[in-house]
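*Asks:* There's a structure below that I have some questions on.
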Amino acid sequence: MGWRDEAFLEKLKSPVLVVGAGGIGCELLKDLVLSGFSNIEVIDLDTIDVSNLNRQFLFRREHVGQPKAKVAAEAVRKLAPNLKIVDHCASIFDESYGFDFFQKFALVFGALDNRAARAHINRLCLAARVPLIDGGSAGYRGQVSVIIRDRTECYECVPKPTRKTYPGCTIRNTPSEMVHCVVWAKHLFSQLFGEIDAENEVSPDVSDRDAFDGQDEAMSNGNENGKTDGEGEDGAGVVSVREWATVNSYNPEVLFRKFFHDDINYLLEMTNLWKERRKPVPLDWDDLLNQNPGSSSRDSDGAVWTPLQCREHFESALKVLKERAKEGTILNWDKDDDASMNFVGACSNLRAFIFNIPLKTLFELKSIAGNIIPAIATANAIVAGMAVVEAMKIISGRDSMLRNIFIQPSPVGRFWRKLLSDEIPVQPNPKCYACSKRREVIVKMNTAKTSMRALEKKLLKGLLAMKDPDVIVAGTPNLILSSEDGLAEEMAGKMVESVGVVNSTILECDDFQQKFELRVRVVHSDEMEADQFVILTDSEETNNGLFYFFTILNNSAHLLL
């Protein structure tokens, strides 16, 4: 019978967890079921967007607006009627899905597009001693990494480059980062002035009634999603966003009302989206704030535009672009063209303001705008398939055959004929603060200018990807941050120096939910700016030799050498 003997078939009944039911997750669930895995749980917070349908093949048009995990589970259940599968429409950060939840699985698959979530499940799997197979893709590239505590590198052993792929449903419905808003703004530019691409739609799918939680009727604003009121079931009467804008003479107020007010109200009716998220706030053309906390009054590339200034730039850029696009001329977005950049910059910040995302300067937005890579269904399928291959090696006890897999779109050298390359998993990094026995990092900061809020949000929960840490000053009973009580408002604005965090202070951080402990050694530097951190991955003297470090400045993270 070979290696698929009765003992192996019995191991296929072991419980496995799939985190994420998107592009890779859908392929993964299908592959697992067809390979014989019969006890699966899947968790995903998101709902299905129409833009998912071209690459997430477990979903159909009638599923738009429904939870991804639920629909995916129902779809693969049809492939194997005896399948035991449980779906969770929830956030992996929820306290219900902590150490005890992970401990019951024989294997966990990560199919996530969010670095913080990947770091979170990495730590939970390390704590629970459950093997993790992490998969990811970026355009035509992809990788599968096997993570086993004390035997292989973990997700955080090596600093990761910034991801540049963004799910369409996140872009259209639930942006959480400025880059999501920039992608949306560039899509809007293309819909209004460029090459029309149905996959880059910018508004919610108003033709779908199932997106609402028991609602009988969608909003009727007369210009929903760039469609006419006469749209029928067969799609007749549908007009493009550009045609709709042309009919309305590219009127700035009409366009503004649709994209920043009516479409947001439509999203608010999709109640499933806001059960665990902060709701967006629609903007009104006549009632915009002319202020933004921390912004300069200078209207320049180096200043953060107020919402009112964004509206003004939106209006002036629209006027210029409208003239260029006369008689059907196709415009290509160019970050070095003032009108094009101002349009995308204004729309990005307006979108960010709606979704409670910190605004950026035009200069910062320009640096973000070029980093967009499309999701490729074939790459997702390959990643999922190889993840299942590695999973079979683990459950069959053939650990010596485990490999990390890489998809190479343009193989070179002696591997030029190979689409896939592999490597034996590397040993854990002895200096990794997530999986090594000595979990310590050195943080350089200006303790006189760094606030407690920045310490919590930017450093601990941002760069170090902790969930809810308790933090004390080593050698004292001084609890400066509590996971239960949170950061009191009167403490948030205080400088860390005032609570005893100075040069050579050691902070003992304990994240109960992640079962993760970390010592943070503070190095004070007068040269550091306010709320700026340098995180060293080498605990030796930093004045000698070469080291890698991260900086966080103005909410941006950069790997420096």
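Glycine residues also receive a Cβ, built from the backbone N, Cα and C atoms like all the rest.
Nobody curates TrEMBL annotations by hand; they come from automatic prediction.
From TrEMBL, here are the annotated features:
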{"type": "BINDING", "residues": "Cys154, Cys157, Cys432, Cys435", "note": "Zn(2+) binding site"}
{"type": "DOMAIN", "residues": "9-412", "note": "domain 'THIF-type NAD/FAD binding fold'"}
{"type": "DOMAIN", "residues": "443-528", "note": "domain 'Ubiquitin/SUMO-activating enzyme ubiquitin-like'"}
{"type": "REGION", "residues": "201-235", "note": "region 'Disordered'"}
*Asks:* Measure from the Cβ of Cys154 (Zn(2+) binding site) and count the other Cβ atoms within 10 Å, all protein chains considered.
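*Replies:* There are 24 such Cβ atoms around Cys154 (Zn(2+) binding site).
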*Asks:* Which of the listed binding-site residues (Cys157, Cys432, Cys435) has the least company, meaning the fewest other Cβ atoms within 10 Å of its Cβ?
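*Replies:* Lowest Cβ count within 10 Å among the binding-site residues (Cys157, Cys432, Cys435) is Cys432.
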*Asks:* Can you give me the average pLDDT across the domain 'Ubiquitin/SUMO-activating enzyme ubiquitin-like' (443-528), rounded to a whole number?
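*Replies:* Summing pLDDT over the domain 'Ubiquitin/SUMO-activating enzyme ubiquitin-like' (443-528) and dividing by its length gives 88.
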*Asks:* Quick check on the domain 'Ubiquitin/SUMO-activating enzyme ubiquitin-like' (443-528): DSSP residue counts for helix, strand, coil, in that order please.
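*Replies:* Split by secondary structure, the domain 'Ubiquitin/SUMO-activating enzyme ubiquitin-like' (443-528) comes out as 20 helix, 28 strand, 38 coil.
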*Asks:* For the recorded Zn(2+) site formed by Cys154, Cys157, Cys432, Cys435, which further same-chain residues have Cβ atoms within 8 Å of the site's Cβ center?
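*Replies:* Same chain, not in Cys154, Cys157, Cys432, Cys435, Cβ within 8 Å: Asn122, Leu126, Glu153, Tyr155, Glu156, Pro428, Asn429, Ala434, Ser436.
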